[in-house]
Amino acid sequence: MNVKEHVISLPRRVFVGHDIIYDISIYFSQLGITSPFLIVTGTKYTKKIADRVIENLPKNAKYEVIEIDTATLDDVYKVEEVVKKVNPNILLGIGGGKVIDVTKYAAFRNNLEFVSIPTSPSHDGITSPFASIKGLQKPVSVKAKEPLAIIADIEILSLSPRRLINAGIGDTIGKIIAVRDWRLAAKLRGEYYGDYTASLALMSAKHAFQCTKIINKDIKYGVRMLIEALISSGVAMGMAGSTRPASGSEHLFAHAVELLHPEGVLHGELVGLGTIIMAYLHGINWKIIRDRLKKIGFPVKAKDLGLSDEEVIKALTIAHTIRPERYTILGDRGLTWSSAEKIARVTKIID
């Protein structure tokens, strides 16, 4: 497959360490970042982290803060209104997946740089040049701005709720399926397949898989492993120029459930369930994936997430329609209701 131009979008600098939030002014100086800043953050815990960031900004820095708690197009518009008022040099996204997604999409739409400062290791959007924004045509990722820099403070990340940490593990292990789906599409449809980016995504998944052995014993070391895996996954997407290395049938299932059951479930939790199911379809050892996730307290049954059997089965039957241009193990026609029910029961997602 001949491609005239392939653009790789990567962060310029990645800072990972303990208590590094106190060195933000040094990092900004190294990168030539100057105020005014527009800080995008959440409304609760993440706002407290944002306050600590503000305390450590360069002396006399000018800044404005906007708080959001969802990742909708309306939230993006709210940020853009403040952008017009403040005319910032750069955006700082301080929060979880929703905050960082809104920040990077607003940065993309307004031709601005942004710095990613995650407060939970729940998503690989920390690094990637893609965002998931509700209110667009479909519940899939759209092109956004890659971060100029990432500042990942292990002390902060390891204090995030365990449910969010587990969701990050579920999201990252899913790359095992994404890469297999990508390889399948290359073989059957002649789709472009990047060996290097696929290997990087797969390495991220294996790293997260190893994390399941450590996280219960040493939370900080486990979170460091996880954040490195999440960052690598985001880099793989930036190198591929698409979400292909990190999003396959397991993500299609997650997006389908989100359409049917839009509230109360974390994206990474749904990806984890989808990974178990799609591992079965790919003929790989789904039991070991399920067992590893279960040992860290990950919800491996639909009912643990408040999902009905019907929602799971329905999601499996419509998953292939979420991104029909993206070929996966689900094929063009998807699964019948009876097949979907059988697979969900065999993998113990439903009883």
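For all residues, glycine too, the Cβ spot is worked out from N, Cα and C.
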Candidate from His267, His282 that Swiss-Prot assigns to the same Zn(2+) site as Asp171, His251: His267
Candidate sharing the NAD(+) site with Gly97, Lys98, Val99, Ile100, Asp101, Thr119, Ser120, Pro121, Ser122 (per Swiss-Prot), from Ser35, Ser128: Ser128
Densest Cβ neighbourhood among Asp101, Asp124, Asp171 (binding-site residues), 10 Å radius: Asp171
Neighbours of His251 (Zn(2+) binding site) among the binding-site residues Val99, Ser120, Ser122 (Cα to Cα, within 10 Å): none
Candidates Ser120, Asp171, His255, namely the binding-site residues, that fall within 10 Å of His267 (Zn(2+) binding site) by Cα distance: Asp171, His255
For the substrate site built from Asp124, Asp171, His255, further residues of that chain with CB within 8 A of the site's CB center: His123, Gly125, Ser132, Gly174, Ala246, Ser247, His251, Ala254, His267, Gly268, Val271
Pairwise Cα distance maximum in Å, substrate-binding residues per record: Asp124, Asp171, His255: 16
Sparsest-packed among the binding-site residues, when each Cβ's other Cβ atoms within 10 Å are tallied, from His251, His267: His267
Between Val99 (NAD(+) binding site) and His255 (substrate binding site): CA-CA distance (Å): 19
